[in-house]
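Annotated features, as they stand in TrEMBL:
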type	residues	note
SIGNAL	1-21	signal peptide
DOMAIN	29-140	domain 'Inhibitor I9'
DOMAIN	166-652	domain 'Peptidase S8/S53'
ACT_SITE	Asp175	active site, charge relay system
ACT_SITE	His250	active site, charge relay system
ACT_SITE	Ser614	active site, charge relay system
DOMAIN	733-826	domain 'Subtilisin-like protease fibronectin type-III'
Amino acid sequence: MESIYLLHLLVLILVGGQVLCQDDSDAAVYIVTLKQAPAAHYYSNMKLQTTRFNFGAPGKLNHLHKPWNVSRSDRSYRSYLIRVQNSLLRRVFRGESYLKLYSYHYLVNGFALFVTPQQAEKLSRRREVANVVLDFSVRTATTHTPEFLGLPGGAWVQEGGPNFAGEGVVIGFIDTGIDPTHPSFSDDISENSYPVPSHFSGVCEVTRDFPSGSCNRKLIGARHFAASAITRGIFNATQDYASPFDGDGHGTHTASIAAGNHGIPVIVAGHHFGNASGMAPRAHIAVYKALYKSFGGFAADVVAAIDQAAQDGIDIVSLSITPNRRPPGLATFFNPIDMALLSAVKAGIFVVQAAGNTGPAPKSISSFSPWIFTVGAAAHDRVYQNTLVLGNNITISGVGLAPGTDEDKMYTLVSATHALINDTSDVNDMYVGECQDSSRINEDLVKGNLLICSYSIRFVLGLSSIKQALETARNVSAVGVIFYMDPFVIGFQLNPTPMKLPGLIIPSADDSKVFLKYYNSSLERNETSNQISKFRGVARVLGGLKPNYSSSAPKVMYYSARGPDPEDSFLDDADILKPNLIAPGNLIWAAWSSLGMDSVEFEGENFAMISGTSMAAPHIAGLAALIKQKFPTFSPSAIASALSTTAAVYDNQGGPIMAQRSYSNPDMNQSPATPFDMGSGFVNATAALDPGLVLDSSFDDYISFLCGINGSYPVVLNYTGQPCGSSTMNGTDLNLPSITIAQLSQSKTVQRTLTNIAANETYAVNWSAPYGVSVSVSPTRFFISNAQKQILTVVFNATVNNTSASFGRIGLYGNKGHIATIPLSIITKIVSNTTYC
């Protein structure tokens, strides 16, 4: 009843004091920004300070500063902005119905509004208004990965061990909420004091689903945002929870990957799969729920969540979400979410976003802007696999996470379609063949044997489930279950699935044919009636509860979105490298909500193993917290640089990192990864804490970049409140730890400014040139003192006319062991002005 009450309350509260009429059926949610500066910009411009540090002290760097921000403790300007907003609305909509959903005032000065298109047009004509944008939808995009990333013997050691790694850093999660009862978020597992950081001022929203006491010194803030969804009438209070509680599972999973407690036992389906830990197990978590199980989310709610998170004082924001469509307009960078995140960067917040799960097609990236750190998904080296041994000694591999049968005994195979009670059901009924109804199966035929079930697209759609098939097997006293892949599920990638009974899922249609051929040929039938008289096929299952670590890793997963970065809706290439980096994202064990519904196979479990760039992004958010802890004055771009220049480009076997190129049979269709697949490479957590050299970019640099887009002057002014000056730059001019040139017309000179954050060191410079391009770099050798800068000049000359992307790399090798690499990506090469038809 409480949720229903809240919904009605929100619909009835109108600034104009009137209920929206039924005639307003074409009304929609619009995100409106005003030209007047938001609170963060206002106070940053008024009271910006730069703290000076002694460069002899490790981790202190005055050049890479975070603005000293006092606006969170001063409400006068924010209150003034809200009064101005309300006054404007009253003047524009005299006597008209409208609904103000949110007031944005910290990162963005504006509001979300539920009005008709005619009212939105009227509002857009006001001189105080900068932009009126129609709201759009968004969607959601560990036990072993700490070891795979080398944290226990590397990065955690530098921070004093897992009990101190990330201490004092607050990570904000824009996601589906959190389950506060999970032990991964408890604050009583450490004997050390665990204070809430003084710079955080967020609150813990209390509801029936999220009672008082849900927050603690670990989970220090929690809110939810759903006004845009509620106005659409699609908010399901029972399923979605009008509270920060996670009814999906996704938000709980991502939060624990980044900052879950260290050493939490992972027990699923009664089996122990090791102990889990977040990347920064001592970091604090603040949750801003803006996505929901039944519908995803909307930009108006996400912007409100980002605005509140920044106002609360988070240090890092993790977004495992992406827009459902490419932003329209002048450039992909100009959209409400990216613009809010630009203000967050100005406030010193490091922004991490998932690349999206729309790979492996080129230009499938869903995170566009250079101030956002975009993360793709890679596999790590842990593989779960079990084996089916047939009576003819043929072995078939399964996907794992199920116990085996008695290794010394073979068991009879019986298909569900051959064990029907008195033939009362159609043998072609998929529901029966998938073992979803035990009432139709003859227990006398199946008892003590291995039950055979089919696995079809219905499992993917949630119409059938492994859990129900296992229940059927129990009800008919089967010793275990074998699932064969329906041939219509071609190319579907099946993840390991936990089972309490012995069992195996055959993930390959070809292997399924081999299995069925053996089974069918072993059946003994009556010559007259053709009825089965004897089941002679036998098999045993070798368990898959224990992983092996022999696979080559990392590799870029087929679903991970790829560059090049599209600059606009016409898919013109941007001079910005995306993704920035890859991190573990495939088959990740992490915490799961007790009421999580996102994966039916893990319902009711405390942990789940799922995959996606959603899992990769919080890995980076947690590792960024370790960098922030060591270098508290680092700017967001300095953190990004430390992660990027130290990334690995080789796998654990010493070969190039590979990238899967197709959805179907991905391991059979792979080739060496390019920067458009993996960005700078695979994250190296320990090296990122000692990068040696750092490349830094400021908020003003990003503004100059935006102003360099043709026709962008009014858009930049409208979104940021800052006029474009005479100095502009393109993407190649930004001081990024990469160089991407969409169109190299004959020759181009690019510079990068390096800052030394370590001891005095001498660097040698080497490089490999992209195909069709000659490259020269100067200087080729330089000495750089602590806290000093060095300009690197890179000259590119096209030698071949070519429209295919080619890649190279600059390596800087210090005599004290520091190595920094800068990837080079050149798409179109033009030798002369000749036009080719």
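Quick reminder: no glycine exception, Cβ is built from N, Cα and C everywhere.
Predicted-model confidence for the domain 'Subtilisin-like protease fibronectin type-III' (733-826) is 97, expressed as mean pLDDT. Under 8 Å, Cβ to Cβ, and six or more positions away along its own chain, Ser614 (active site, charge relay system) finds Thr140, Ala141, His250, His253, Thr254, Ser320, Ile321, Ala354, Asn357, Gly585. Neighbours of Asp175 (active site, charge relay system), defined as other CB atoms within 10 A of its CB across all chains, total 28.
Here the Cβ of His250 (active site, charge relay system) has 28 other Cβ atoms within 10 Å, regardless of which shown protein chain they belong to. Taking DSSP states H, G and I as helix and E and B as strand, the domain 'Subtilisin-like protease fibronectin type-III' (733-826) has 1 helix, 63 strand, 30 coil.
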